[in-house]
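Have a look at the structure below, then the notes.
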Amino acid sequence: MATAETFYDVIRRQGITRRSFTKFCSLTAASLGFGPGAATAMAEALETKERVPVIWMHGLECTCCSESFIRSAHPLVKDVVLSMISLDYDDTIMAAAGHQAESILAETKEKYKGKYILAVEGNPPLNEGGMFCIDGGKPFVEKLKWMAEDAMAIIAWGACASWGCVQAAKPNPTQATPIDKVILDKPIIKVPGCPPIAEVMTGVVTFITTFGKLPELDRQGRPKMFYSQRIHDKCYRRPHFDAGQFVEEWDDEGARKGYCLYKMGCKGPTTYNACSTVRWNGGVSFPIQSGHGCIGCSEDGFWDNGSFYDRLTNIHQFGIEANADKVGMTAAGVVGGAIAAHAAVTAVKRLTTKREKADA
């Protein structure tokens, strides 16, 4: 029986040198935020471990997650799809169709029982027996449950699979339901966003492929490596928030100076994602940098939380945790107090010096 190829076997067959492979591991480890030692571990894993089979299924969705995924720059999606993993099924991009495509699902399920990753883009509608989404002549929810039975783990791509997204907006006539409410007995990695950042998606796949385990997840099931901080925490406009400098109207002086967009509805203070660090389009920019506030697309229920331009209320603390209307006055008061304190200390020092000279 032939041994399955590893990632290293594939790239060597493609003519890629050992030096280029090592460089790839170093760059990928750095892009994932790992230390220098991780590059060696990554190289060893990719040299010895078989490529992980991946089944990519689509429910109710717009395919924006796939559109984002194919634009990954670090690592390049071609390296992920053609070398790092074995993408055995994806009905959006595969050449096979009809019964031929369906037979691939059954073959992979049987051959790689307990070893394949089930990546799900979109969600199943449960109303009317799941008849609002038909795949291969069957309700998508049935197909999802069938493939989940023998999966090693499930990746829920995007806000649709993670939370429900716009198709679950009230009154949700199709009863569109997130994956974790349907599959209850498998580990599920939620990678929310509408869509998720490309490098976040490939980063999750790279981590599983390299280390043979799931990344550490937060209490909502999201990878901590990408969803542990609020966008607001690392936003380059954060100093303007702390200084009480806000855009009050589109195209006002504050907007032209790049002031904080909080009053224009920016959801950065309550949204956990890597937009302000990883950014989009190969690290070029992200919505706030382009002049538009965050809409909170990686948070549960963002589609039913009112207008994207409705301002968040009762944001507490200096920085994020104080009311924005009072931040400017507070900052001015703190600065004024500091100046007064400095003047008082200086006066005391001068008086003490004069007394010491007089006593001498």
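Even glycines carry a Cβ here, placed using N, Cα and C.
Annotation source Swiss-Prot lists [4Fe-4S] cluster 1 binding site at CYS62, CYS65, CYS160, CYS194, citing similarity to another entry. Classification of CYS65 ([4Fe-4S] cluster 1 binding site) by DSSP places it within a helix.
If you draw a 10 Å sphere around the CB of CYS235 ([4Fe-4S] cluster 2 binding site), it holds 24 other CB atoms from the protein chains shown. Taken from Swiss-Prot, the feature [4Fe-4S] cluster 2 binding site covers HIS232, CYS235, CYS260, CYS266, and the record attributes it to similarity to another entry.
Annotation source Swiss-Prot lists [3Fe-4S] cluster binding site at CYS275, CYS294, CYS297. Sequence-distant neighbours of CYS275 ([3Fe-4S] cluster binding site) (same chain, 6+ residues apart, CB-CB distance under 8 A): ILE197, ILE231, PHE286, PRO287, ILE288, CYS294.
The signal peptide feature in Swiss-Prot is assigned to 1-46; the stated evidence is sequence analysis.
Annotation note: HIS232 ([4Fe-4S] cluster 2 binding site) sits in a helical segment as assigned by DSSP. Here CYS266 ([4Fe-4S] cluster 2 binding site) is compared against the binding-site residues CYS62, CYS65, CYS160, CYS194, CYS297, and the shortest C-alpha distance is to CYS297.
Taking the centre of the Cβ atoms of CYS62, CYS65, CYS160, CYS194 as the [4Fe-4S] cluster 1 site, the nearby residues of that chain (Cβ within 8 Å, site residues left out) are GLU61, THR63, CYS64, GLU121, GLY122, TRP157, GLY158, ALA159, CYS165, PRO195. Other C-beta atoms found within 10 angstroms of the C-beta of CYS194 ([4Fe-4S] cluster 1 binding site) number 22, with every protein chain shown included.
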